[in-house]
Amino acid sequence: MLFLIGMPASGKSTLAHKVSNLFQWQSADLDQEIQKLLQKSIPKIFESEGEIFFREIEAKVLRKIPVEPQKIVATGGGTPCFHQNIDYMLSAGKVVFWDTPLPVIVERILRHKAQRPMFAQKTNAEIEHFVQKLYQERLPFYTKAHFRAKEWSDIEKIIQRADF
Ligand SMILES: Nc1ncnc2c1ncn2[C@@H]1O[C@H](COP(=O)(O)OP(=O)(O)O)[C@@H](O)[C@H]1O
Ligand SMILES: O=C(O)C1=C[C@@H](OP(=O)(O)O)[C@@H](O)[C@H](O)C1
Ligand SMILES: [Mg+2]
């Protein structure tokens, strides 16, 4: 099983779908599993229950996703940084850091910021600064991954060479 980690808006959810379609792999999206379980959108969960509750549920749901070969799981941007989730993922499967360039991430967040609870209340300049800071804080977790991928060809190589 492959876990995708990386910044919010780096494209983890999109990439999991693409791998699933192209290689007929199973896929799962941790945020979607949480939304299904609680019958609430991620922004609503943040708003009504708060981040601490979200991180607890996130850690539990992560560990409930069945570990199977030829399966790719998109996690949330913060997943590896809480509740020893990175150690769990490193032991349960292979972990890929999807390292999209920060300017691309900033541009995507600015386009859809209303849907993202961490960014909705911030000005554009604040978002840019916040994304830089978040990247620096999270890099020590992200770089624990088995693989660091920057483009699609990196993903293809990982899928072809690793025995999952
Ligand atoms: N390779 C890509 N090229 C262009 N846009 C992309 C690409 N991957 C993702 N996106 C867009 O970026 C946004 C965030 O993608 P998403 O897969 O939700 O990221 P994440 O799950 O990492 O937050 C979405 O609007 C998506 O359509
Ligand atoms: O970076 C984060 O802390 C978060 C990223 C989101 O997932 P994506 O990375 O799929 O946007 C989602 O889990 C939640 O809003 C928190
Ligand atoms: Mg996602």
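For all residues, glycine too, the Cβ spot is worked out from N, Cα and C.
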Which of Arg116, Arg138, Arg148 shares the ATP site with Ala9, Ser10, Gly11, Lys12, Ser13, Thr14 in TrEMBL? The record says Arg116
Which ones, of the binding-site residues Asp31, Arg55, Arg138, have a Cα no more than 10 Å from the Cα of Ser13 (ATP binding site)?
Asp31
Among Ala9, Ser10, Gly11, Lys12, Ser13, Thr14, Arg116, the annotated ATP contacts, find the widest CA pair distance and round it to a whole Å.
16
Near ligand 1, meaning Cβ under 6 Å from any of its atoms: which of the binding-site residues Lys12, Asp31, Arg116 fit that description?
Lys12
Listed binding-site residues are Asp31, Arg55, Arg138; which of them have CA atoms within 10 A of the CA of Lys12 (ATP binding site)?
none
